[in-house]
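Per Swiss-Prot, the features are:
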MOD_RES   SER5  phosphoserine
LIPID     CYS125  S-palmitoyl cysteine
MOD_RES   SER156  phosphoserine
BINDING   THR164, GLY223, ALA224, ALA225, GLY226, ILE227, GLY228, LYS229, THR230, HIS519  ATP binding site
MOD_RES   SER195  phosphoserine
MOD_RES   SER198  phosphoserine
MOD_RES   SER262  phosphoserine
MOD_RES   SER292  phosphoserine
MOD_RES   SER331  phosphoserine
MOTIF     352-356  motif 'KFERQ-like motif 1'
MOD_RES   SER723  phosphoserine
MOD_RES   SER730  phosphoserine
REPEAT    766-787  repeat 'LRR 2'
MOD_RES   SER801  phosphoserine
LIPID     CYS832  S-palmitoyl cysteine
LIPID     CYS833  S-palmitoyl cysteine
LIPID     CYS839  S-palmitoyl cysteine
REPEAT    851-871  repeat 'LRR 5'
LIPID     CYS953  S-palmitoyl cysteine
MOD_RES   SER1030  phosphoserine
Amino acid sequence: MRMVSVRCKLARYLEDLEDIDFKKFKMHLEDYPSQKGCTSIPRGQTEKADHVDLATLMIDFNGEEKAWAMAKWIFAAINRRDLYEKAKREEPEWENANISVLSQEESLEEEWMGLLGYLSRISICRKKKDYCKKYRKYVRSKFQCIKDRNARLGESVNLNKRFTRLRLIKEHRSQQEREHELLAIGRTWAKIQDSPVSSVNLELLFDPEDQHSEPVHTVVFQGAAGIGKTILARKIMLDWASEKLYQDRFDYLFYIHCREVSLGTQRSLGDLIASCCPGPNPPIGKIVSKPSRILFLMDGFDELQGAFDEHTEALCTNWRKVERGDILLSSLIRKRLLPEASLLITTRPVALEKLQHLLGQARHVEILGFSEARRKEYFLKYFSDEQQAREAFRLIQENEILFTMCFIPLVCWIVCTGLKQQMDSGKSLARTSKTTTAVYIFFLSSLLQSQGGSQENHNSATLWGLCSLAADGIWNQKILFQECDLRNHGLQKADVSAFLRMNLFQKEVDCEKFYSFIHMTFQEFFAAMYYLLEEDNHGEMRNTPQACSKLPNRDVKVLLENYGKFEKGYLIFVVRFLFGLINQERTSYLEKKLSCKISQKIRLELLKWIEAKANAKTLQIEPSQLELFYCLYEMQEEDFVQRAMSHFPKIEIKLSTRMDHVVSSFCIENCRHVESLSLRLLHNSPKEEEEEEEVRHSHMDRSVLSDFEVAYSQGLVNYLTSSICRGIFSVLSNNWNLTELNLSGNTLGDPGMNVLCETLQQPGCNIRRLWLGQCCLSHQCCFNISSVLSNNQKLVELDLSHNALGDFGIRLLCVGLRHLFCNLKKLWLVSCCLTSASCEDLASVLSTNHSLTRLYLGENALGDSGVGILCEKVKNPHCNLQKLGLVNSGLTSGCCPALSSVLSTNQNLTHLYLQGNALGDMGVKLLCEGLLHRNCKLQVLELDNCSLTSHCCWDLSTLLTSNQSLRKLCLGNNDLGDLGVMLLCEVLKQQGCLLKSLRLCEMYFNYDTKRALETLQEEKPELTIVFEPSR
């Protein structure tokens, strides 16, 4: 390789750099590491040097081999991987031989030829830059405006003025079917609001994760339908063309409709790029010559039709080759075609799994929609009048379900459109209802305003075709329709054009032969209407040609039988809309506005379906109770809902969102026959007669939450507002059958508790068991709870665990517990921030209240002194306490004499829970004195994690042979050792030992000890031994 030849090649590489990259190259040239043995070039000489001058300077100062190495290093540093690879691939074989005079002459001629080529390329480069500017201008013009879905001819909206920022997160989320579940977006958003999830910055979308990583070449935007994927892709195009985004990274951005490409004619990638460019004969060859400077925006991967399981041989590698659209895009995605090009792909979650099979490394970004602040911003941007915007936003804020749904930009637009049309017509916003069905009905009727009798008939006939088309698409899981599909359902091209104008359909401007509903939920809405529209006198669908293929079965039983079976959950919203549409008031409204007849015949079938699901033995089947409630809520017809709810003897649902609370409140307040009501978030309700549940309850295993669950619970603060509480609690005073209420884990708070207390004192309230664990209660509500205990003789079980009641709250509570009319039998006060100061009040209750038999005080700092005070009253033979829980109460052996005294005098006490207290061997020795007394009737003793060793096993051995009442002994998580356990085994073999259950969890045994336990179990099958070697 001759020197001049190296100079020409370096100059050509430098010529490929854009102005900004060329400046970066010069900057890095100054910072080139001196340890690499290169001479730095003075800045004065490089500052004004062009490509040839700079190449010459590099070689003159450092020689051709070092100059080549410098260029490679800097290409990598400025992220020009293409030039780095090219320079690496074309690197000469360096020789030290002297160059002859003849060679120098040949080199001089070659240099002149190279310079002439350089001047020619400079001219071409200028033309290229001129075309780049022309293309950017074209993109700005094309993407600066958008058309609202109901825009009239010539109407458009400035994208920059309307666009509202969406929340993007980088973390990869679960692949649940949520494309058509608008409300599920609200749930997802609510769950992560308090979680430390960082938002994604669009400017850094293609940047490497860290300084040691490669740049990102493929980004996937995922989000449900209507969440804003397309509008975000268009905004990226506009910002790039306006020189606000990716200026240093991409020379060209091309926006590709996946739907259009997959359904269009065969073409090459060059043809596809040309279709995105202005004017004839764009420089395709020059554009694709630098694929690393190209970004393809593929919008709507989920709408891409075609197979994606081709072998790699079937893929396209030549940008000039004509192929099917799906082959072209698959080749780009799989990096067989222009592998150095970058991709930004938008898709719905349901297609993500298919996409992942095609991708290599990719950055996944999820679009979560609008935050609360952004929703307000959207309203302000949509309404030109700020006062109108604030009035509309206040209305939706008060309306929780719609406010939640407005996380989704499309729904936000629908709501704003409907409200603005009402405002413009002078109608009251109070008429706007609160369900999805009501919003869609109003939107539909606004678009189908009659224009004379003939227009009414025309709309009515077209409605038939729309509904049958929608239902056919639902059953066949089809969202794209060709003109032949429209004709098969009696829809003419003129009808479709009219509906496009009125925004019931969306027709792609560049792909006129294919149609789709503007949103999947609209298709589901029309599919639901298909089951309600009356047929004509001949029993046939109006306006449907005889050549039409077989229409979907209109039997609603078939629809309900298939509920939940579709992979994409298509039928969930169809059934919800079905319930919403049979509301008699809405039916009359629709019949008047749409000039059609809607049948009410299916009401009985829907009622039977609800009854069958309500009486199902398992709650795990589809649909869940909550989903049934959503259906009834959508209907908003109290008589029907009350009949349906009469089939729910037991309600047990988990609430996750505000919307869940609203829906459950509506249904529960219309329920008259429920016997047990559990609105739970994180806990399971305790069982009346199940020993293990009570033990678990006393141990507070249920209080162990993961960090996420805690954050999630905190994110639900104020969900149970006073108005919601009154709605839910109204059923308590009107339903004599309702005896159990579990609200554990809900943020009830003192205001909600006060509302509940009012209800509990109503004569018609028959609640016997009430669980209020972790409900954000404080001492301020204890006076009202005390009043309930004094006046409600029916309440026998109360759980107030995990509420910061404090000593003062317990003092107030004890006033009611001491009352003559208090019949409470079981009381949980676990983890209520109590100290020994509360024990005086509790002791006074034990000496006067003869109904209380179970008291759980675990997870409170009672200490030895506090327990000593309690024991003075418990040891009274007239105290009826049977079960006492003192788990993790800060006890030592100091309290054991008092406990031993209780055991030797009170024959009513049968269960004592002392886990997590440092009693030690001495404590057990003192306890055994009471346990060996003839008056002791204790059946269950739990001493897990009590700092015991093998020394206590002698005392326990004596206990096991002498005490005839003890049936269960728990010694887990103690250091008893093999010797201690073997001693117990010898005693347990004796016939005089009546123990039925021994728990030795979280303890290590050697082989001999383990074998001894197994042998004992075999020889004495009536004895259950539970042991798990520690790991």
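Every residue number used here counts from 1 along the chain in the order it is shown.
Yeah, the Cβs are placed from backbone N, Cα and C, and that goes for glycine too.
Features per Swiss-Prot, on structure.
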residue : record               : Cβ neighbours (10 Å)
SER156  : phosphoserine        : 11
THR164  : ATP binding site     : 20
ALA224  : ATP binding site     : 26
GLY226  : ATP binding site     : 26
GLY228  : ATP binding site     : 26
SER292  : phosphoserine        : 21
SER331  : phosphoserine        : 25
SER730  : phosphoserine        : 17
CYS832  : S-palmitoyl cysteine : 24
CYS839  : S-palmitoyl cysteine : 26
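Looking at ALA224 (ATP binding site) and SER262 (phosphoserine), their Cα atoms lie 21 Å from each other. Every protein chain considered, the tally of other Cβ atoms within 10 Å of the Cβ of CYS953 (S-palmitoyl cysteine) stands at 23.
Within the chain carrying the repeat 'LRR 5' (851-871), a Cβ under 8 angstroms from the stretch's Cβ atoms is held by residues 694, 697-700, 703, 796, 801, 817, 822-840, 842-843, 845, 880-892, 894-895, 898-899, 901-902, 908, 913, 916, all 6 or more beyond its ends.
The distance from the Cα of SER730 (phosphoserine) to the Cα of SER801 (phosphoserine) comes to 24 Å. Cα-Cα distance from THR230 (ATP binding site) to SER156 (phosphoserine): 16 Å (rounded to the nearest whole number). Put simply, CYS832 (S-palmitoyl cysteine) is 63 Å from SER331 (phosphoserine) when counted between their Cα atoms. The DSSP breakdown of the repeat 'LRR 2' (766-787), given as helix, strand and coil counts, is 9 helix, 4 strand, 9 coil. Long-range Cβ proximity for CYS833 (S-palmitoyl cysteine), meaning a same-chain Cβ under 8 A and a gap of 6 or more residues, is found for ALA804, LEU805, GLY806, ASP807, ASN860. The highest number of surrounding Cβ atoms within 10 Å, among the recorded positions THR230, SER262, SER801, is found at SER801. Here GLY228 (ATP binding site) is compared against the recorded positions SER156, SER262, CYS832, CYS839, CYS953, and the shortest C-alpha distance is to SER156. Put simply, SER156 is the one of the recorded positions SER156, CYS832, CYS839 whose Cα lies nearest to the Cα of SER292 (phosphoserine). Taking SER262, SER801, CYS839 as the recorded positions under consideration, the smallest Cα distance to CYS832 (S-palmitoyl cysteine) is found for SER801. Looking at the motif 'KFERQ-like motif 1' (352-356) alone, the prediction's average pLDDT is 76. Here the Cα atom of SER262 (phosphoserine) is found 21 Å from that of GLY226 (ATP binding site). If you compare Cα positions, THR164 (ATP binding site) sits closest to SER156 out of the recorded positions SER156, SER801, CYS839, CYS953. The Cα atom of SER156 (phosphoserine) lies nearest to that of SER801, taking the recorded positions SER801, CYS839, CYS953 as the candidates.
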